[in-house]
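> Take a look at what Swiss-Prot says about it:
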REGION    1-69  region 'Disordered'
COMPBIAS  18-32  compositional bias 'Basic and acidic residues'
REGION    88-187  region 'Disordered'
COMPBIAS  104-117  compositional bias 'Polar residues'
COMPBIAS  125-134  compositional bias 'Basic residues'
DOMAIN    240-284  domain 'GRAM 1'
DOMAIN    289-385  domain 'PH'
REGION    463-657  region 'Disordered'
COMPBIAS  585-614  compositional bias 'Polar residues'
COMPBIAS  631-642  compositional bias 'Basic residues'
DOMAIN    765-870  domain 'GRAM 2'
COILED    883-910  coiled coil
BINDING   Ser957, Arg958, Asp960, Ala1265, His1267, His1280, Ser1283, Gly1284, Thr1285, Asp1304, Gln1305  UDP-alpha-D-glucose binding site
REGION    1385-1443  region 'Disordered'
COMPBIAS  1405-1419  compositional bias 'Basic and acidic residues'
Amino acid sequence: MATQADDAAASQANIEDGDLKEHVHDELDKIQQQRSTATVFPEPLRESDSEDSDDEDNGPAQAPPMFMNMNQSIYGLIAQASNRVDFNDRFDGMSSDEEGESSQNTRTESIARTSILQPAGKGKDKVHRRRKLSEHKLLRSLPALPKLRSRHKSQHSTLPAPEEVADEADDEHGDGGLLPAPALTLTRQDTQDRLAPVMSRMLEAKADLSIRPSFDLDRLSSDVSRSSDSDEVSALSRKLKEIFEFDEYEQVIEEYPCWLLQSVLLQGYMYITSKHICFYAYLPKKTHEAVKSGYLSKSGKRNPSYARFWFRLKGDVLTYYKTATDVYFPHGQIDLRYGISASIVDTDKEALHFVVETRHRTYKFKADSAPSAKEWVKSLQRVIFRSHNDGDSVKISLPIKNVMDIEDTQMISFADTCKIRVIDNDETYAIDEYFFSFFSFGKEAINVLKILIEDSSGARSAEQVITGDDHDSSQPSSGHASKAASKRAPSKLSTGKLPDTVKATLAPMSPLSPRSPSQLSPRASMDAPRSSFDGFRRFGKKSLDVTSSIGDHSPRRSFSGRRSTSHQHRQGTTTPKQAHDSEDSFLQSSIENPSISTLSPSSYDEPSASQILQGSDVFHSPMMRRSASTSRKRDRSGKRTPRSSSAHGDRHHGIPHAATTGAIHKMGDEQADSQRPATPTLNSITKIGAYPLQRANAFAEYLSRTSQRMGSMFATESLGYVEKVHGMWKGEHRHYDEPQELRTDDDGEDIDSEADDKMQTTIDRFRAHFALPESEKLVATYFGAIFKVLPLYGKFYISDRSFCFRSLYPGTRTKLILPLKDIENVHKEKGFRYGYYGLTVVIRGHEELFFEFRKPGLRDDCAVTLHQLMETNRFLEQSGILDQEEQDDEEAAAAMAERDELQEARQDEFVDHELTLPRTTSGVSNAPTILFDNPNSSGLAFKPQKSMKITCLTIGSRGDIQPYIALCKGLLAEGHKPRIATHGEFQEWVESHGIEFARVEGDPGELMRLCIENGTFTWAFLREANSTFRGWLDDLLDSAYTACEGSELLIESPSAMAGIHIAEKLEIPYFRAFTMPWTRTRAYPHAFIMPEHKMGGAFNYMTYVMFDNIFWKATAYQVNRWRNKTLGLPSTSLEKMQPNKVPFLYNFSPSVVAPPLDFSDWIRVTGYWFLNEGGGDWKPPQELQDFIAKARADGKKIVYVGFGSIIVKDPAKMTQEVIDAVLKADVRCILSKGWSDRISPKDDPSKPPPDEPVIPAEIHVITSAPHDWLFSQIDAAAHHGGSGTTGASLRAGIPTIIRPFFGDQFFFSTRVEDLGVGVCVRKWGTNSFGRALWEVTRNERMIVKARVLGEQIRSESGVDNAIQCIYRDLEYAKSLIKRRAGKNNAEHGLAEDDDDTEESWTFVGRDEPDPDAVTKKLSDGLAGLGAAGDRPPPLGSQAPTVA
């Protein structure tokens, strides 16, 4: 044995002097040699000799340790102590790592030696053991003291250095059978001063003895640190020190790609250094994007039946809705920050059912298929895993001295897995288990870890760590010993000190998803399960937001990077101040044995009596205050000063929380607090006598405070309830954004604190109601009603980022969560009910919402608050100031940069370790969910292999033709052969761009006159068109078919009416494209049926149903006749054509007309198709350039006024009104008089035209000019509101005035007003037009909005997007035309009601009639369109009345 000990000591010395990395590689080589030359012993020789050795080596000591001067009084010790002695510093024992740093030149002498008898035969054995602390009578007589903390190396005491414990016993005492006790030594300089009392020196020796793990182990860490300072530090070592916040540079021994195995499999890298085992993985959070969405069935809380909802997994919240379009009205929410697990139900053979367990309840779901259920479970597991991690990267740092053992486990069949059991810290001695899987280098990595643990100076068995038993420290720790030690009673906790704690951003969890609450214990600690771990651990900014009395008390340690510190202390996260919030240490009574029940007081959902009374000072353990100045105080902003990890650990009656996976704090005062020793000093022990007086004072204070609270409670409890109900029905409001920093009255601190507590309660309830993050700041609350079918009374919440509503009627659960960024505008209108005041909120891509208030002041205050917050958010976005989402993006970018730097440093040092992905997991049904960096996925190529002959069919004015010219030029660039089929007057313009032209009959001017005079598709329009336009429609259909022959793809404006039939005849794919909404939606009304006021989603949807039926019924007879005679196709109907399933391309910007949420996947909003004609050969006239230059020199605003080729009754009058308005508004005008070029047929052509007004010098008249050039030279534009002209002015970033005449012009004028970038002039006149000119040229708010919108539109590429959409939906369009061709080739004897392919529409909402019923009624009631009757007013000027 002695020879073995000598060899071990020599080997350890060689490790210290040499390189640790080389030693590990040498040990690996020995293992390989042993494997190759291993001797197989026969069966009788395989038994262990452990029993004999135990009987021989581990005999009991002959005598217990002896102490001197046991009769000395403690008060005598105090009297003998010098005033200059600081007992706090004197009893702060140094760690074993510090002993080697003392000066070697200082002579020391032995003060006292205590001999310990040893059994015979052990005299020459140099392997010494620690004595059992339970045998020391002095320590057994003292209370259960907290563990001793080591002081940081940088802290130097002003007193002489304390006595050091000798590392090795003197050899001359070996023969006598006595083992020399640790020698208490002092320097010669110290002996000149007065010595400390004997008991003081003895207690110091005991403290140092408890710190040292073993006397025969050398100080590897200190040697490494000294060598690392002298040698050159590698880039990887520097980066690891920065990321994991080491105290010093550490030598990197090995690096391996590995996977952290928990409920998911996380890709990362393991870094093995001289002192730590580190794991790093880049895991970005996806807070602002929807991860998965789809339909699921959910079981109710009390109703076991399943109901079908549409689910969306976004951020940390799983939200479900009644329909996929009501994304602002959630039916329910599941906050996955409280999530524990997600798993498939084992008893389900079909694997359709799965459950999600949270701290509150268990949710049951049913998917449509087994793959869908599996995908949902994996997505939920990923989100739960991410939500439990702090930051955008996973960091785990395991000190090697804390590692108990490393065990090979077979968790998954396709990788090597090891289990690392590590002691969390020296406060609770909780044992964590971490599982790491290796798909490559697995055996090598596990061997390196085992070698490093066995050779480390901190290698101790679990029994030594927990109980301090006297076992041979040279024995390697085994799994059997660890398991036996873990079952030890916690009453044997020693005062030993671990040099470091486990630090992690992620909690250690079981590698298997728990199936029941009894299996939720992630680690085995002592002898009791720790089932409360997952539910109550604190995880930083995305952590479990448990009650303040539980979640905030956990001394969990996390990496103190920029992410964790920036989100832990936000506004509104404070808790009521308690006495134990200060930096006071607590001393347990000697009769109180620590147990697991006290370590985890939050293990149960129902609070115990001690938890209820935790706010009382009476029920706390005795408190030892360092000084009055160290107490923490609450600052005026409602935040608390950051506390050190020890302060966190001392909460809950001095017992730290069970979950204590350690934290890293920045160096400074916080570290000084955390490094203070937990072992009570002699100075502190003297204060024990004052505890009864402190308890009495605290009890008296408690009685006084409680009596006052109870008295006020009885007096105000019932009154407060009445006031709440009265305030709710009275409809009051409250603002919560008053800065607390303005309060300067210190006398009112208690009043302010009480008000702040009430305010904080309201804010917490607001966040809990809507599952919002802690960063959401409540601004104001109101009471009012949301108006859907019936008014629903409730409470409005306005935060800095959301507008929320919650119904208060019993039996209702309506909620609204509307992000402020989705609100386009807010309008004040009349209420639907008498005596109420309305507020309309216009939402991007959604129908407008209506609200009502009892008082106009409340309505106005709510509108102003919303406008202010909307403007603030827009200003922050424009100015570049980071909002919350951008802050998260910046943190994610920082984490990505950190990952890249670490990868670069890793590749420089370990180039042979490349990551090997588990390629066989796809075939394993129960393989864990895999998380890894998202690679850059390349998109699929949808472009056809050969060029196509594409025809664009359209009719209308110049603005209707121009977008198709732009699209055809893009198709030409793609190699296709485009053709435009339209009116003959545009032939020269089309061919000038190199595009083939095909003629379509029809006069666009005649059609425009019909629309202006009768309104767009009104009863008068249909009656006149039915009588006079029969021949016009026949010519249009025949010429359109001729123009489209030979085409391989047809793109048509739906106003041409012939395209869908031609595509059916030619059996070619068919697309629709238009400049205004033509597809059924609740977001916008039909562009041809625009009301004067907002009418809601039900009305909007019904306008499309009405128009489709009227439009088809008016043309059905001629169309079916043309199909039969010309095309040879059978007659059709609106239901058989299914026009709403045709792929659609909208050529307007999504920034102007946001895609509605209820659009199908084949409906695309591509962006404007601009035809840039100003950048070619066109040159502006010199007169125009001079006019613009003179206006700029005079400091005048320049506006453009042009209403295109609109036909007006009195062109001269309109010109004079424009002149007068320009002069009144004091602006310069560029006038394009296109309205005088066309003459109304009602006027006599033989009459001479009226005299034109005299044009003043402030106005310059032009014939035409490219919009892309002209609009960039002016300040505002006024036009008729066509799609192309509106897009041109908005792209230039200038405010727009729209004077609508017919068609889609009313729609775009409404959109311009809703966006706040222009003015709509519905009632024309000199004064109204002049006021509009004044506003658009001087309203800075409107000017800024227009400029921002212009930047967004200019960044789009509408033509390129449209071409890609054509490629993407081409196969879908072919499938539709094949289906129609198959039906036409079938026998004509099919039943008329054959609905195999009939379109099935889900009508969104419950507040509108069935569209199918309306379609049939309209079809039956429109038989006599040509009947005589009074002509109704145009629908473009007023809202129609719908029965």
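Glycine is treated like the rest: Cβ placed from N, Cα and C.
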> Within the domain 'GRAM 2' (765-870), how many residues are helix, strand or coil going by DSSP?
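Helix (H, G, I), strand (E, B), coil: 24 helix, 50 strand, 32 coil.
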> Fewest other C-beta atoms within 10 angstroms of its own C-beta: which of the binding-site residues Ser957, Ser1283, Thr1285 fits that?
Ser957
> Which numbers of helix, strand and coil residues does DSSP report for the domain 'PH' (289-385)?
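Final tally across the stretch: 19 helix, 45 strand, 33 coil.
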> For His1267 (UDP-alpha-D-glucose binding site), what is the tally of other C-beta atoms lying within 10 angstroms of its C-beta?
25
> In Å, how long is the longest CA to CA span across Ser957, Arg958, Asp960, Ala1265, His1267, His1280, Ser1283, Gly1284, Thr1285, Asp1304, Gln1305, which the record gives as the UDP-alpha-D-glucose binders?
23
> If you average pLDDT over the domain 'PH' (289-385), what do you get?
89
> Cβ distance under 8 Å to Asp960 (UDP-alpha-D-glucose binding site), same chain, sequence separation 6 or more: which residues?
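When sequence neighbours closer than 6 are ignored, Asp960 (UDP-alpha-D-glucose binding site) has Thr954, Ser1053, Ser1055, Thr1075 within Cβ distance under 8 Å.
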> In DSSP terms, helix, strand or coil for Ser957 (UDP-alpha-D-glucose binding site)?
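For Ser957 (UDP-alpha-D-glucose binding site) - judged by DSSP and reduced to three states - the answer is coil.
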> Tally the residues of the domain 'GRAM 1' (240-284) by DSSP class, grouping H, G and I as helix, E and B as strand, and everything else as coil.
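For the domain 'GRAM 1' (240-284), the helix, strand and coil counts are 5 helix, 27 strand, 13 coil.
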